Amino acid sequence: MTLTAGIHQLRPANCTDRPHCQWPQPWQLGILFFALAMLSVGAGGIRPCNIAFGADQFDTKTEKGRAQLESFFNWWYFTFTIALVIALTGVVYIQTNVSWTLGFAIPTLCLAFSIAIFLIGQHTYIRKKPQGSVFSDMAKVITAVCRKCKLKTSDRTRYYDPGPSELDHNNVRLVRTDRFKFLEKAAIISDPSELNEQLKPKNVWRLCSLQQVEELKCLLGILPVWVTGICCFIVMDQQNTFGVLQVIQTNRSIGKHFKVPPGWMNLVSMVALSIWIFIYECIYIRVTKKINKKATRLSMSLRIRIGILLSILCMLVAAIVEQKRRDSALRAKSFTSPMSFAVLLPQFALSGLNEAFAAVSIMEFFTTEMPESMRTVAGAVFFLSLSIANYLGSLIVNIIHKATSHGGRNSWLGGNDLNDNKLDYYYYLIAALGVLNFVYFNFFASHFLGKKPSNDTKKVQPKNSIPNQQNGEPPQEKVFDITIDPR
């Protein structure tokens with residue numbers, strides 16, 4: 001990206017006769033898209049993994065480690081937001097007013113510096129060795145379930161359940177749960193010939209362990225909350241697009257010589273997010289600790305509910321403000337409204353608070369719900385939900401544009417002038433989507449919160465679990481200790 005800005009041959013000539021500008025050559029676009037692709041691949045490697053890697057540094061077997069892990073998610077999001085604030089102010093100012101080359105060179109040097117810092121501290125990190133692929137295990141479970149879908153279970157049904165020493169992923173055993181019971185058909189031993197002499201499956205695509213089944217259950221267990229997160233992120237995305245367009249068509253002047261850049265309004269959301277995280281971690285937690293002699297945290301379920309309500313309120317405020325802005329612009333017969341950009345501050349602040357409550361809680365839920373071997377999957381799922389929210393937002397915009405532009409009518413959305421649109425109607429529609437999301441979360445998705453299987457073990461004598469024994473004895477019923485949830 002820096003080279004495309006610094007070497008003039010890699011980009012079209014400067015445009016002097018607008019709108020008749022020179023189009024870029026295909027090979028120039030190819031270089032640009034290659035740079036964007038490398039940024040995407042790099043972000044895909046960094047973002048999900050640094051959350052998981054950071055979580056690995058805490059000992060969740062202790063109360064102190066669990067408390068530190070909860071704070072980690074808030075502070076991770078806090079520093080992430082502060083970095084964005086610096087990027088959207090100082091770096092963007094340099095790009096637009098000083099030099100695009102220097103503006104791209106600064107983040108390039110920052111990335112190089114971060115790599116150096118990371119490598120310097122490599123001897124202090126807790127690094128867990130990768131063992132196997134959870135995705136291949138999930139594929140095996142799904143295949144085995146399809147092959148054994150017609151099997152019926154009974155009290156004498158036998159399952160393949162190897163001992164802790166045989167586990168592939170860090171020897172951490174997941175508790176057997178009652179959810180998604182149909183998946184356990186993948187672990188049913190329908191015929192003794194499915195096991196070899198060492199009591200291991202002859203065909204791993206036909207017989208899986210209960211451990212592999214539980215890993216797939218963990219992934220399926222976060223999907224209801226994942227849907228809730230996507231709906232919340234759709235609201236957050238509105239201020240990055242239509243919110244900025246609203247700013248453009250307001251009075252952005254502060255004094256006689258300064259106009260607020262439209263892109264800077266997103267800083268309001270980030271500042272609101274950062275302020276809340278600081279208040280929560282540095283004031284609320286400490287005050288409750290003094291009062292109750294123990295730090296009291298808001299539950300994930302409560303924080304997500306508050307986040308959804310804030311998303312609804314954000315869209316309602318945005319709709320009311322947009323109606324006032326458009327009416328004042330039409331009365332003044334002007335492209336820009338005489339209303340100050342300050343009237344848009346509440347909706348941007350509410351968007352940031354929505355992110356502070358819902359997004360942080362959902363990221364924490366994904367990471368803590370998954371076993372340690374799947375934490376990078378949790379990070380990937382979180383950022384995947386952000387991407388899906390963007391695509392769904394674009395799809396909703398296209399559908400509304402086509403649905404409201406029939407018969408030569410002015411569409412709610414589209415064109416270069418918000419004064420000709422009905423953006424407030426669109427905001428009301430997104431608010432209605434938020435209401436449905438709130439109902440969905442309260443009556444369905446919230447039941448999946450706090451159901452993480454404990455990794456603590458307690459030995460019992462269960463029925464029908466077949467261990468992987470090495471002594472050559474034939475499999476028998478009621479011989480294998482299975483972990484249960486101590487709760």
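Cβ from N, Cα, C; glycine included.
The compositional bias 'Polar residues' annotation in TrEMBL covers 462-473. The compositional bias 'Basic and acidic residues' annotation in TrEMBL covers 475-487. The region 'Disordered' annotation in TrEMBL covers 454-487. Sequence annotations record features per position, and here TrEMBL assigns transmembrane segment to 27-53, 74-94, 100-121, 216-236, 263-283, 304-321, 341-366, 378-400, 425-449.
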- Closest-packing stretch to the transmembrane segment (27-53), where packing means Cβ pairs under 8 Å, from 100-121, 263-283, 304-321, 341-366, 378-400: 378-400
- Item | the transmembrane segment (263-283) in contact with the transmembrane segment (341-366), cutoff 8 A, at least 3 CB pairs, sep 6+ | yes
- Stretch-level contact, the transmembrane segment (304-321) and the transmembrane segment (425-449), CB cutoff 8 A, at least 3 pairs: yes
